[in-house]
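**Q** Structure incoming, see below.
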Amino acid sequence: MGHTASRICTLLSILFVSCMLASAANDGLIRIALKKRPIMESIYGDLVPKSGTVDHEVALGYSGVRMNSADEGFYDPVTEAINHVRVHQQRMLRDIEAAAMEGRLKHFWSYRGFRERGSLKNGTQNHPLALKNFLNAQYFGEIGVGCPPQNFTVVFDTGSSNLWVPSAKCVFSLACYFHRKYESRSSSTYMENGTPASIHYGTGSIHGYYSQDQVTIGDLVVNNQEFIEATHEPGLTFLAAKFDGILGLGFKEISVEGADPVWYNMIQQSLVTDKVFSFWLNRNANDINGGEIVFGGADESHYKGDHTYTRVTRKAYWQFEMGDFLIGGRSTGICADGCAVIADSGTSLIAGPIAAIAQIHAHIGATGVANEECKQVVARHGHEMLELLQDKTPPAQVCSKIGLCKSDGAHGISDGIESVLGETHKSADEVSDATCNACEMAVTWMQSEFVQNHTKEGKLEYANQLCGNMPSPVGSYVDCRHIGHLPNVAFSIGGRAFELTPEQQYILKFGEGFLAHCMSGFTALDIPPPIGPLWILGDVFMGAYHTIFDYGKMRVGFADSA
């Protein structure tokens with residue numbers, strides 16, 4: 001009887017895939033089409049409350065990486081960093097509703113044909129899924145849970161590791177009434193678990209319990225998968241989201257309650273030949289095909305040339321090391337000693353050290369806000385800082401030598417995160433840390449100017465200029481008329497400089513004609529050493545570069561997208 005039920009369920013799963021994808025590729029790839037929506041809407045569509053209201057702040061949420069509810073005292077600065085960036089990126093998008101409205105009239109949701117199937121890398125068994133695209137802001141696709149499969153739209157998120165979907169038992173949360181819900185009684189392969197689980201985000205959370213069932217992803221059927229049935233989604237965070245749940249593709253080390261991620265079970269059940277998955281994110285706003293995630297390999301039609309690989313340095317997120325960061329071919333000095341980087345498909349923008357983002361924005365003429373603490377530090381101590389740098393004092397020691405940082409150069413990791421959000425510090429230690437942060441930024445800027453052999457006054461003027469135009473918490477706008485004259489930026493990864501151009505890459509344009517708005521695709525994030533400096537390469541970067549996540553060899557690879 002059990003074998004019969006299994007055969008029936010497999011047949012139903014195949015029918016589900018056929019309905020979902022309309023056609024199967026001759027090469028065995030399963031694609032999930034991505035559809036697009038103006039980035040201004042982010043992932044919340046029409047229901048985001050107006051800016052300036054309490055509800056608006058709550059609704060900014062699908063925002064961060066999750067904390068294990070079993071470890072309320074656990075603090076991970078990288079988790080908090082991703083968390084804050086995802087909150088921050090929603091704040092950046094709130095003032096462009098008019099452009100989003102125009103985009104909504106031009107884009108609609110439906111599955112419509114797919115690209116011609118490309119060749120498989122090395123002839124391996126690849127399993128592609130087509131993705132939908134909220135116009136370059138969020139990418140997601142369809143999965144099935146249970147037998148027969150119950151369809152859900154999920155974000156494929158390399159910045160988390162759990163799968164969760166709304167439960168039919170979610171009756172007291174308004175968000176659950178706007179999304180599809182999992183009904184365990186309707187699945188012949190359901191197995192009870194019951195372990196309580198919670199995932200906390202920057203502006204919201206989900207609560208529920210673990211269940212076990214099969215999960216259908218394209219032509220793959222993952223058996224006995226643990227996932228969270230969300231029975232409580234408080235507030236407005238997920239109310240207007242255009243996805244039902246999240247499928248995490250990070251490492252088990254950050255999985256809530258230590259559950260095996262879906263990707264791990266694909267490997268353990270020998271569903272993929274090669275232990276890799278890859279992303280192609282389509283940044284063409286006029287193409288209904290939003291992108292593709294391939295399990296077990298890569299589609300060669302979606303990239304050009306060879307991938308440049310770099311090893312994973314932290315088995316939690318897909319984290320690795322990068323070298324220099326350049327603007328217009330010029331070193332910023334920010335990552336002269338290396339920086340930590342995370343490739344995160346769940347983050348729309350590129351987040352980086354505020355000192356680097358300020359330099360980018362100065363070069364592209366982006367709007368910003370003045371930082372008085374920074375201006376005061378430059379005015380009072382600028383000459384002394386320059387003299388120490390001139391005397392070959394290591395930049396990391398300059399601020400401690402003039403008494404603005406502790407003698408060991410250390411300061412609280414959380415301070416950098418909070419400074420991005422512009423929160424007010426009250427204690428003496430917090431004020432000292434703010435001054436230390438400002439000093440270290442100014443030193444970085446002055447050091448980068450030494451390479452250019454500018455005069456002393458020129459270096460001070462440059463630092464003061466950046467202090468007066470820091471990245472804005474609500475987004476930094478750029479004059480659309482000047483995009484063609486802006487410099488390229490580049491990340492040095494694995495010995496290659498990965499360039500981003502302003503046109504259709506790091507500048508985000510919304511609307512057309514006189515209604516057009518242009519915004520920087522960069523946002524600020526400060527994580528001090530030893531964890532930082534830290535960058536998060538989100539969809540702005542992954543859209544330009546096809547990305548392979550190689551679990552078997554513990555590495556990440558990038559190649560030009562095709």
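Note: Cβ is positioned from N, Cα and C throughout, glycine not excepted.
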**Q** Would you mind checking which of CYS147, CYS170 shares a disulfide with CYS176 in TrEMBL?
**A** CYS170
**Q** Which residues of the chain, 6 or more past the ends of the domain 'Saposin B-type' (369-409), have a CB below 8 A from one of its CBs?
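**A** The answer is 333, 432, 434-436, 438-444, 446-447, 450, 456, 459-460, 463-464, 466-473, 529.
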**Q** Write down the Cα-Cα distance for ASP157 (active site) and CYS176 (disulfide bond), rounded and given in Å.
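**A** Their Cα atoms are separated by 21 Å.
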**Q** Are there any residues in the same chain, six or more apart in sequence, whose C-beta is under 8 angstroms from the C-beta of CYS170 (disulfide bond), and if so which?
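**A** Listed in sequence order, they are CYS176, LYS181, GLY208, ALA230, THR231, HIS232, GLU233.
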**Q** Sort out the sequence-distant neighbours of ASP157 (active site) for me: same chain, 6+ apart, CB within less than 8 Å of its CB, listed by position.
**A** ILE246, LEU247, GLY248, LEU249, GLY250, ASP344, SER345, GLY346
**Q** When the domain 'Saposin B-type' (369-409) is classified with DSSP, how many of its residues are helical, how many are strand and how many are coil?
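**A** Counts, helix then strand then coil: 26 helix, 1 strand, 14 coil.
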